[in-house]
Each structure stands twice: as structure tokens, then as C-alpha cells.
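Report on the structure given below.
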Amino acid sequence: MKICCIGAGYVGGPTMAVIALKCPSIEVVVVDVSAKRITAWNSDQLPIYEPGLYDIIKQCRGRNLLFSTDMEKHISESDIIFISVNTPTKTSGLGAGKAADLTYWESAARTIADASKSDKIVVEKSTVPVRTAESLKRILTHNSKGINHEILSNPEFLAEGQAIQDLLKPDRVLIGGFETPQGRKAVQVLRDVYAHWVPEDRIIIANLWSAELSKLVANAFLAQRISSVNAISALCEATGADVSQVAYAVGKDSRIGPMFLNASIGFGGSSFKKDILNLVYICECNGLAEVADYWKLVVKINDYQKNRFVERVISSMFNTVAGKRIAVLGFACKKDTGDTRETPAIDVCKGLLEEKATLSIYDPQVTKEQIQHDLAMNNSDLNHSNYLQLTNPATIKQVGKASNAYEAAKGAHAVCILTEWDEFRKLDYQKIYESMQKPAFFFDGRNVVDPHKLRAIGFVVYSIGKPLMHG
Ligand code: UDX
Ligand code: ADP
């Protein structure tokens, strides 16, 4: 059997690597339109950072795992084709700002139609709007030259930074197919692939629309928990309660559970906002205005939380940050990834830059170029404005990781933690305090540090959802 995956990104790359690892008898090829991406996958500098991924790639690459730009050849030779291309939110036209942009996805579907010379199972891996399979079927049927394409939905639930663990031990694998004899047969073929390592009771079979919708709903529920706890964090600050204690007590209820109750500066990542907006759009298209409004609020609270953080920094620092140097520790949307898509750090940094602060940013995995791109600053802005001073991870790597944060904090008026990297828990905050301007402000957007310990050193500390004590 041969599997081809279109799209060598955060989902396609790790997912196919694990399939290749667990199914040595299957040949797995990942194809992409971007030659640069494919070259990176074939090198020692993979295009994405994911703990454990490189080891698997080293084991399988060249054995039964291939990365290639020859889409036509590998599609035509494969039995199963995964579509794992990006589906960002539309920026213009009908549904702009909410609906999923299916341009890349449609182009992938057309490539399959053109390249196929025999029957195929086509699997939707990217998150897509409900009933996308119907459009996919139409594109493939109209161009099929009599070839049968059986369509399945197999949404990916992996979280970045823990993708390999999620793929090796998934909570569930969801496969949706058409309820026809051919549909059921195709489901069985894909189920057999996963059965190489996933226990039978974790492989769930559903109809196509339920599978597509489940992915959007799972992400909406997860994001909703974060917005719920973040909303309560504002109330905790106003009343003197501690959000970590409240979340712990609430999460002990087995009906609620402890996961995804960490208050933060807001959720980021490629999926949550995009998928909720997509859900909102689908509800609106179906005349369900109240349901759409309900889910919109999850995104609204997320924006509120980011703004609240910026306002807190400014008001604490005597209502102005103009000309003050602020060290930003962490830029990625979460720890253990270099992904900055929708990272709350973008809005927080932009908010501080608008107030004319000087930022010195350090993140163990995000490059200077990426930060520049995300903050839409070009090199001349950087050289001439004095707004942004970046600590280049590539340079710092040579002198050891731990010094990055120290360098960023040296001479700063304030430190803001925006990503919960483990290394920020272990820093010598006494040393950092001594190198900073006084009063030394500390804004912990991820509840990484113990505020009592930092206050004992002399910092003025603000932690999300924790009692405030100035001085
Ligand atoms: C998410 C889903 O978890 C995953 O199942 C789906 O396939 C893709 O979307 P991902 O975005 O990679 O995965 O990471 P996740 O761990 O869910 O975190 C998303 C954002 O929420 C991050 O910015 C994270 O910092 C934030 N978060 C998470 C919180 O602020 N508090 C929490 O308690 C948990
Ligand atoms: P995700 O997080 O969903 O994996 P990424 O943006 O990381 O998204 O990856 C999507 C990949 O899909 C990119 O590498 C992009 O070049 C690729 N891609 C987009 N459209 C096509 C297409 N029509 N054919 C092949 N690859 C595509």
C-alpha cells in the first residue's frame, strides 16, 4: 500500500512520520507545492519544531517515508491520499473574517483529479467547514475520467508541542465516511492503517458530516474553557481570589476535569480562533443567529484578555511605557513550538509598541525574521526606530540558551512572560532583578513564576488572576 499526503505542514509532516514509523509495510510520501519546505524536511533542519519528531524522521526517512515535490507521480501511485493543506480564515469576499478560505484545499483537490489514474481513497485531514466532502466529491467526480474517489473525513486532533505523543497515543481517531457499501469499505481500509498501533476502542466511526463537525466543536469547547477561566481571572483580580486556586477546586469535580483551565493572556495557535469563526459562520448561514452569538463571545473574551494585559502593564508603570524598555520572554503561541500563528504575543507586543515602548524579545524557538514578519516591521524599521530590539536566538544559541532571557532583561524597566516555556521557571530572578531598572516590574501572562518569591526579591509583580500587591 502507498499513502500520499498533500501538505507538508504542522499536521501533514508529523502525522505521516508516525504512520510511517508504525506501518513499516506502507510507503508514505509527503508532497508539497513549496520546494523550500520539502528541502527542509529532507535536511537536518526540519521546517517545524516538535519534540521527538526529528528522531522519527531519522528512522523512517529514506526507508518508507519520502518528502517530494513530485505531486503528480506520488498521487497517481497512491491508494490513499490525505489532504492536509492550510485552510486559513478568508480575508476578503463573502464570509471574510469568518469563513474558511478553501483556495489551497480546492487546488489540492483539482491536482488529485488531474493526476489520478486509478481508484483512490481521499481523506480530509485539514479542518474544513461541514459538508466540504460534498464539494470535494463534486470536484473529483467532474474530473474523474470514470475513476472512483471515495471520500473520508479523518480530522486531526494533535496539539502542537505534543504532536508526537498525541499521534502515538491518541485519545481517539475519528473516521467519517459515506454510508454506502463503498464508503464503509474505505473506512475499513483507513481503520486498518490506524489499527497498527491504536487500540480498536479508540477508533471511532461516524458519518461524514458528524466527523467534520466534531473537529470544529472539539476546538470550540477547548477554547471556551480557556475563555471561561480567563473571564474569571478578571473577577479574581477584582476580588482578591486566586484563579489558580479556583481552577484547581473547580477542576477537581470529575464532571469538569482539570485540563485547559490555565488562565493566560489568551489562547493562540492556528486552530481555535479560525475554527470558532468558521463555526459562527456556519451557524449564521443556517439562520442560527443566537447560536452564532454564543460562540462569538469566546473570541471576544480572548481579545478582551489580551487588551486587559496591555492596559495592566501601562497603568502599573505610572500610565506610560513610552521610551521604557520591556523584556518580552516568549513569543510562540505556547511552549515547545516555534509556531506564532495567532500568538497572543503579537497583539500584546503591538499594543506596547503603539505606546512607544522599546521591546527586547526572546523566544527559544522563534526566529528574529518571524517576529519581524509577525509585527510587520522591516529591517529599516528595526535599525532606525529603536522601537524593537530583538535578541536573535540563532546568535544566542552559541552562548547557551539560559543567557537569552538575561540579555533580554538587562537594563529593562519590566519583564513580561508571554509564553510558558519551562526554562522561564528556572531563571535566576535575583540576577535578573539586579540587572534591571528600578522599580522592576514583572508581568506574568502565563502564571509561570511564584509571585511571592519575586515580590520577596523586590519585583512589583502582576500575575494573571492573582491578588495584586504593589510595592
Ligand atoms: C489545538 C487543540 O488542542 C488540538 O486538539 C487541535 O488539533 C488543534 O488546536 P494547539 O492550538 O496546537 O491545539 O494547542 P493547544 O494546546 O490547544 O493550545 C492552544 C492555545 O491555548 C495556546 O495559545 C495555549 O497557550 C492556550 N491555552 C491552552 C491556555 O491559554 N490555557 C490552557 O489551559 C490551555
Ligand atoms: P497545517 O497547520 O494545517 O498543517 P501548514 O500551513 O503548516 O498548515 O501546512 C500546510 C502546507 O500545505 C504548506 O506547507 C503549504 O505549502 C501546503 N500547500 C498548500 N496548498 C497546497 C497545494 N494545493 N498542494 C500542495 N501543497 C499545498
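Quick reminder: no glycine exception, Cβ is built from N, Cα and C everywhere.
What TrEMBL says about a protein is an automatic prediction, not a curated fact.
For reference, TrEMBL has these:
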type	residues	note
BINDING	7-12, Asp32, Arg37, 85-89, 126-127, Glu160, Arg341	NAD(+) binding site
DOMAIN	327-451	domain 'UDP-glucose/GDP-mannose dehydrogenase C-terminal'
Just checking: which of the binding-site residues Tyr10, Asp32, Thr89, Glu160 have a C-beta under 6 Å from ligand 1? Glu160
Return the residues near Thr89 (NAD(+) binding site) by Cβ distance under 8 Å, restricted to its own chain and a separation of at least 6 in sequence. Gly97, Lys98, Ala99, Ala100, Asp101, Lys273, Lys274, Leu277, Asn278
List the residues of the same chain that sit at least 6 positions away from Asn86 (NAD(+) binding site) in sequence and have their Cβ under 8 Å from its Cβ, in sequence order, or write 'none'. Gly7, Gly9, Tyr104, Ser126
Same chain only, sequence gap of 6 or more: which residues have a CB within under 8 Å of the CB of Tyr10 (NAD(+) binding site)? Ile48, Glu50, Glu160, Ala163, Ser270, Asp339
Counting only residues 6+ away in sequence within the same chain, which have a CB under 8 Å from the CB of Asp32 (NAD(+) binding site)? Ile6, Gly7, Ala8, Gly9, Gly12, Ile38, Phe67, Thr69
Output the one of Gly7, Glu160 that, of all these binding-site residues, has the highest number of other Cβ atoms within 10 Å of its Cβ. Gly7
